[in-house]
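Reading through the structure tokens given below for one structure.
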Amino acid sequence: MAEGCMRALRYGMVFFNLLFWLGGCGILGVGVWLSVTQGNFATLSSSLPSLSAANLLIAVGTIIMVIGCLGCVGAVKESRPLLLSFFILLLLIFLLEILSIILFFAYQDQIDQYAQSDLKKGLQLFGTEGNVGLTNAWSIVQTDFRCCGVTNHTDWFEVYNTTRVPDSCCLEYSDNCGLENPGTWWTAPCYERVKSWLQENLVVLWIFALCTALTQILGLVFSMTMFCQAVKVETFYA
């Protein structure tokens, strides 16, 4: 009976971690693809220049692949050290995610103020040498969200020391259209536009977060149950 339960747990653990590992491969692949095809598409933040979408996906994908591989090998070999390592790593990630969510809601106003301040500092790097990624990112955000600047289009006046904006702020794009009448520019603030978009897709984000949490809990239950069974079997035959 114990051997049958152990076999079922092993198959379940291997299947779960195989999916986990494949998911990590997919995320890593998307990150590499973004890095290759989008060049230096980077973050809008000046204080975290390496936190690009591509780099973030590559890091997350690599971590998921390593954890999935650890759990899969641990399940196949019924290795207690590997199963315990898998459990501890997954538990730490799960707790960090919960802590991050709690801190986000507890300090939401402060985070808003810091984010806006940091984004405005990032505007100073727009179009400068070595900051192609940041420049591209701002151009895409302003074009796709039909907005201009962090809080309004005047944010760009401090960058150019004149009353002009990037061409991506224009209602109808053309070369040097940012030099024309302000009536031809987008007036909506990008920070609020992006924030509103996230709020509109909040249900999707929560569903994704819930699915992620359930997957992690399932992994924790599988690994700890299998670890305990391995201990019982070893104790029984000792």
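Going from the start of the chain as shown, residues are counted 1 onward.
Each Cβ is built from the backbone N, Cα and C atoms, and glycine gets one as well.
According to TrEMBL, the cysteine that forms a disulfide bond with Cys169, out of Cys148, Cys177, Cys190, is Cys148. The Cβ of Cys169 (disulfide bond) lies under 8 Å from the Cβ of Gln142, Cys148, Gly149, His153, Trp156, Gly178, Trp185, Trp186, each of these being in the same chain and 6 or more residues away along the sequence. Remote same-chain partners of the transmembrane segment (56-76), defined as residues 6 or more beyond its termini with a Cβ less than 8 Å from a stretch Cβ, comprise 9-10, 13-14, 16-18, 20-32, 34-35, 82-83, 85-86, 89-90, 93, 219, 223, 226. Residues of the same chain lying 6 or more positions beyond the ends of the transmembrane segment (12-36) and with a Cβ under 8 Å from any Cβ of it are 53-69, 71-72, 74-76, 86, 215, 218-219, 222-223, 226.
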